[in-house]
Amino acid sequence: MKYRDLRDFLQQLELRGELKRIATPVSTHLEMTEIADRVLRAQGPALLFEHAVHNGARAAMPVLANLFGTPRRVAWGMGADEVSALRDTGELLASLREPEAPRGLRDALGKVAMLKSALWDMAPKRVRGPACQEIVWEGADVDLARLPIQTCWPGDVAPLLTWGLVITRGPNARRQNLGIYRQQPIAPNKLIMRWLSHRGGALDFREHARAHPGTPFPVAVALGADPATILGAVTPVPDSLSEYQFAGLLRGSRTEVGQALGSDLSVPAWAEIVLEGHLLPANDPRAVAPVVPEGAPPPPDTGYEMALEGPYGDHTGYYNEQDWFPVFTVDRITMRRDPVYHSTYTGKPPDEPAVLGVALNEVFVPLLRRQLPEIVDFYLPPEGCSYRLAVVSIRKQYAGHAKRVMFGLWSVLRQFMYTKFIVVVDDDIDPRNWNEVVWAITTRMDPVRDTVLVERTPIDYLDFASPVSGLGGKMGMDATNKWPGETDREWGRPIAMDDAVKQRVDAMWGELGL
């Protein structure tokens, strides 16, 4: 599917029956979550709440939800016609991350053309007077309560900004980083920026604090960017390529960007809403001293304004514990005329992150095969909270091969740093079929011999099951057939009917009345 911006994408969804406009008044407080959750579980359409009720009154803009509620809509957002076509996207990313040696002159010319297209032809295009700056709120007009920010769950501490595309640049970086991080409003012009320590935005911020201590760190947050740009921020794009360039490759046209009004950051020109501002040093007059509740740990000494975030309902299906994160002070809000506010919720799978994980499986397979060619297929079950459990099938070649694959998966992509469980099966097992996977685990695996346990590894801080916040264990399960050296026993022979018998039964089947 080809499109220019979010509005164009929504128009095409509506023509395909994949967008439902809702004129009934619906509250941003809990009601939208319940409706979106029911529709997503039924694999229903994207939802545009045209009469959103926020803080007791009609909101000034509609709310878009469930945009990526099915794998097919994710594929359309990435410029593909079907989910299976995302394998081609993965092949492209694999080539950009680690190009193979050309097999001849024609192949070499093709690779040069592909790299030229990725690195030059799809470089972002800077435009003047971008649509995202048609309306500007500054000074006293900056009030986050004017945006219909959703309150997702009864135990949430506050509304939650969810689909914000956070734009940062480190002091030594040639390109900007784009990431999706949730944000908690704590004042009319302040949000808590909840990014995990290994994410690109957090890395850029730490580099800035080291290189320019005591100076504000510029940040922009785009809401309602085009789907290719949004999805580029959650895809393992190589460090040599910006998410804007990757979005251009997906879309088939260069990403148009405009310069933020208060910094040199480039923002999506067709985004619906953009928040501009800074992370402020703790001694800045605009910074607010942290409030430490009784019994809570003190904030880390970062030299910057910090606040205690949460609790919120998360993709695990539980409320997460509180933790300290930097505060984003919003200097201005820019937007298009008649903007659309893009929102989502996270909860017990399936939710939108889980659906994204299902679609991105197809992207991951070629990337993983480039490092581990023995991989046949790879699957992140949505009920595994997007990334916490992986099943991988391999062409086993030697004793201990499954264990090598486990450690390779934990290392090859940052996305799998927090994967707690990896199940390795042979290539006769479909990793996407739980009946087959469970059969392999229960027949080909000894719990003691074939289980790998690793202690004190990086883990998602939202994982309350880990003994220490941010550090926890990992388990690998070798559910492959065992080779000499792995067992001294005679291995089981699979049961199978003779082909001749099958053919005779096929011939008589129509006479059996079955």
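FYI, residue positions are counted from 1 along the chain as it appears here.
Cβ coordinates are placed from backbone N, Cα and C, and glycine is handled just like the others.
In Swiss-Prot this protein carries:
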type	residues	note
ACT_SITE	ASP314	active site, proton donor
BINDING	ASN177, GLU243	Mn(2+) binding site
BINDING	ILE180, TYR181, ARG182, ARG194, TRP195, LEU196, ARG199, GLY200	prenylated FMN binding site
Among TRP195, LEU196, GLY200, ASP314, which are recorded as recorded positions, the nearest neighbour of ASN177 (Mn(2+) binding site) by Cα | GLY200
Site extent for prenylated FMN (largest Cα pair distance over ILE180, TYR181, ARG182, ARG194, TRP195, LEU196, ARG199, GLY200, Å) = 14
Other C-beta atoms that fall within 10 angstroms of the C-beta of ARG194 (prenylated FMN binding site) | 22
Could you check the binding-site residues ARG182, ARG199 and say which one's CB has the fewest neighbouring CB atoms inside 10 Å?
-> ARG199
Could you name the residues, excluding ILE180, TYR181, ARG182, ARG194, TRP195, LEU196, ARG199, GLY200, of the same chain that surround the prenylated FMN site, i.e. Cβ within 8 Å of the Cβ centre of those residues, in sequence order?
-> VAL166, GLY179, MET193, GLY201, ALA202
Going by DSSP, give the three-state secondary structure for TYR181 (prenylated FMN binding site).
-> coil
Would you mind reading off the Cα separation of LEU196 (prenylated FMN binding site) from the residue listed as 'active site, proton donor', to the nearest angstrom?
-> 14
Using Cα coordinates, what distance in whole Å links GLY200 (prenylated FMN binding site) and ASP314 (active site, proton donor)?
-> 21
By CA distance, which of the binding-site residues (ILE180, TYR181, ARG182, ARG199, GLU243) lies nearest to the residue listed as 'active site, proton donor'?
-> ARG182
Rounded Cα separation (Å) that holds between TYR181 (prenylated FMN binding site) and GLU243 (Mn(2+) binding site) = 15
Given the recorded positions GLU243, ASP314, which one has the fewest other C-beta atoms within 10 angstroms of its C-beta?
-> ASP314
